[in-house]
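Input: a single structure, listed below in structure tokens.
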Amino acid sequence: MRKTFLWATVAFMLIPLYVLTVNAFKGQQDILADPFGLGGLTLEPLGRALTNPQFNVVKGYAVTLLFVVAVNVLSVVLAAPAAYVIARSPKRRFRVLMLFFLAGTFIPGQVLVIPVVYVLKTLGLMGTIRGFVLFETVLTLPFSIFLYAGYIATIPAVLDQAAAVDGASRLRTFWQIVFPLMRPAVATMVILNTFSVWNDFVNPQIILGPGSGLYTVTTGVYAAVSQYSTDYTVVFPTLLLAIAPLLVFFVFMQRHIISGLTAGATKG
Amino acid sequence: MTLTREAPPAVPEAPALPKTRRGDGWANTIMVAPATVLYTVMLIVPVGLALYLSLTDWDGFSADPAFVGAANYLDLLDDPELRRAALVTLLVAAAGTAGLNLLGLGFALLVNGASKANTFFRIVLFYPHVLSALVVGFLWSAILGTNGAVNNLVTKWGGEVLPFLSDPAWATVTMIGVLVWAGFGVNVVLYLAGLQAVPHSLIEAARIDGATRWQVFRNVTLPALGPSVTVNIVLSLVTLLKTYDLVVSLTAGGPAGQTQTVAYLILWNSFHDARLGFGSAQSVLLMLVTAALAFVVTRLRRRGELAVHQ
């Protein structure tokens with residue numbers, strides 16, 4: 001009974017993915033005649049989606065990957081040392097700093113995007129890759145610092161003190177002794193950041209804008225699909241190309257994602 | 001979210017070892033300064049700016065927006081578009097929160113316990129969450145649209161086209177359904193985390209005393225899950241109140257603007273109509289409503305949790 005119900009749910013969850021996959025390999029006539037069937041499979045629509053002038057998928061992957069890597073690197077370099085000081089120093093001012101960062105987890109991104117345009121214009125970073133990467137990085141800081149600080153608190157402070165006695169500076173102690181031990185927390189955060197940067201639509205759409213000619217996977221899908229929403233030979237292959245790398249990444253990383261989410265929810 | 005709680009406690013100071021050395025203060029500053037400065041410039045300053053811009057008529061281009069006082073807020077009061085969007089948003093948030101949490105808790109109970117099958121179920125329930133909401137919306141609109149997969153079948157079998165996305169009421173329900181489909185896997189995972197904290201001995205004791213499954217759930221599991229329920233409800237509410245991407249791809253706000261959410265309206269007014277001052281006022285409103293609802297839910301739930309423990 002329980003098993004039957006669960007398998008029925010599995011079917012319901014996976015049907016959209018099935019429809020997406022089979023129809024990405026069919027012509028418009030076959031899609032309309034039998035959207036669930038396997039008749040008339042062809043690679044032609046997928047090939048056309050790959051070379052769509054509206055949205056260069058390969059370039060979209062490259063641009064998005066560049067953003068993912070840049071945001072992840074910057075986020076770790078900025079958040080990890082800050083979290084270390086916050087977690088290790090008993091000083092009141094660092095506890096206040098933690099609350100200051102935590103406040104950021106409550107501010108919805110859409111509320112920020114309008115005034116951020118103003119800030120970026122003032123700084124001369126509007127419409128630039130640098131401006132976009134910096135803003136996306138800042139969006140990751142509150143939760144990263146929260147997660148890292150919680151994790152560092154579980155690493156024995158005796159380790160740092162031993163390094164200090166041996167004459168290592170505080171910076172060196174952190175990067176050489178503590179940081180390598182933070183690998184699980186960093187892995188979780190990198191995975192979560194990867195999904196949020198890859199899937200973000202509002203921020204690249206507004207900060208990079210159509211004028212920059214830079215399409216991420218999401219803004220590219222929007223450009224390609226919203227105009228041809230009735231031509232399913234465009235819609236299905238484009239969507240499949242957009243999610244395929246992410247689904248593969250998810251299948252390999254699901255253990256870390258699910259445990260990371262769980263840790264984030266139960267700590268504190 | 002539990003994120004409001006205090007920072008993790010500082011590690012107890014070890015005795016006899018040098019706690020602070022000359023230069024540590026500088027090192028601390030160097031380590032926190034870059035994150036703090038960037039965070040302040042790009043997150044705290046913008047929040048302040050949103051407040052300021054909401055009092056101006058900024059169009060997004062002019063260097064010196066004119067100060068218009070409370071005019072934008074007064075415009076908000078009798079803006080029929082916003083009133084409709086606010087209703088849609090609250091409906092989506094309320095019905096969506098109910099759906100996400102009932103399904104989340106229900107399925108968490110069903111797939112609790114370590115087994116290969118349960119791991120598979122969890123992955124399948126969770127996977128839509130990693131897809132971008134934009135893609136999810138396009139996908140479901142290709143399935144449920146007038147010429148979509150489902151309607152093709154229905155008409156082939158001699159039925160009438162079902163207006164999943166073309167009738168205002170249907171479209172709202174469809175949108176809530178898709179949001180729940182795409183999101184409840186997260187709630188399953190969060191409730192599973194909560195279930196690990198339910199004392200196993202208590203459940204066994206209740207079983208031995210002859211309690212039914214429902215009685216055990218009602219009197220042991222659910223009270224122990226109290227904090228998880230709070231986290232899940234607040235998280236769902238905060239997320240659903242800013243529904244945007246899915247509106248863009250599933251309904252594009254249609255039919256006739258009937259499924260526009262507040263977040264959708266904010267960006268539409270700001271960037272399509274070049275009324276960033278007005279959009280900022282709506283943003284401030286959304287931020288205040290979100291904070292107020294999260295606060296009220298947390299307070300109500302805390303009272304509920306206390307009542308259970310007494």
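Even glycines carry a Cβ here, placed using N, Cα and C.
Same-chain residues lying 6+ beyond the ends of the transmembrane segment (B:29-53) with a Cβ under 8 Å from its Cβ atoms: 65, 276-277, 280, 283-284, 287. Summarising the annotation, TrEMBL assigns transmembrane segment to B:29-53 (among others).
Same-chain neighbours of the transmembrane segment (B:85-111): 118, 121-122, 125, 172, 175-177, 179-180, 183-184, 186-192, 194-195, 217, 221, 225, 229, 232-233, 236-237, 240-241, 243, 258-265, 293, counting only residues six or more beyond its ends whose CB sits under 8 Å from a CB of the stretch. Residues annotated as transmembrane segment in TrEMBL: B:85-111 (among others).
The domain 'ABC transmembrane type-1' annotation in TrEMBL covers B:86-297.
TrEMBL lists B:123-143 (among others) with the feature transmembrane segment.
Under the heading transmembrane segment, TrEMBL lists B:169-195 (among others). Using a Cβ-Cβ cut-off under 8 Å and counting only residues 6 or more beyond its ends in the same chain, the transmembrane segment (B:169-195) has close neighbours at 88, 91-92, 95-96, 99-101, 103-105, 107-109, 111-112, 122, 125-129, 131, 133, 136-137, 140, 144, 162-163, 221, 224-225, 227-229, 231-232, 235-236, 239-240, 243, 246-247, 250-251, 254-255, 258-259.
Residues or ranges marked as transmembrane segment in TrEMBL: B:216-241 (among others).
Annotated transmembrane segment per TrEMBL: B:276-297 (among others), in sequence order.
Tertiary neighbourhood of the transmembrane segment (B:276-297): same-chain residues 47, 50-51, 53-60, 65, 68, 72-73, 75-76, 82, 93, 230, 233-234, 237-238, 241-242, 262-263, 265-267, 269-270, selected by CB-CB distance under 8 Å and a gap of 6+ residues from either end.
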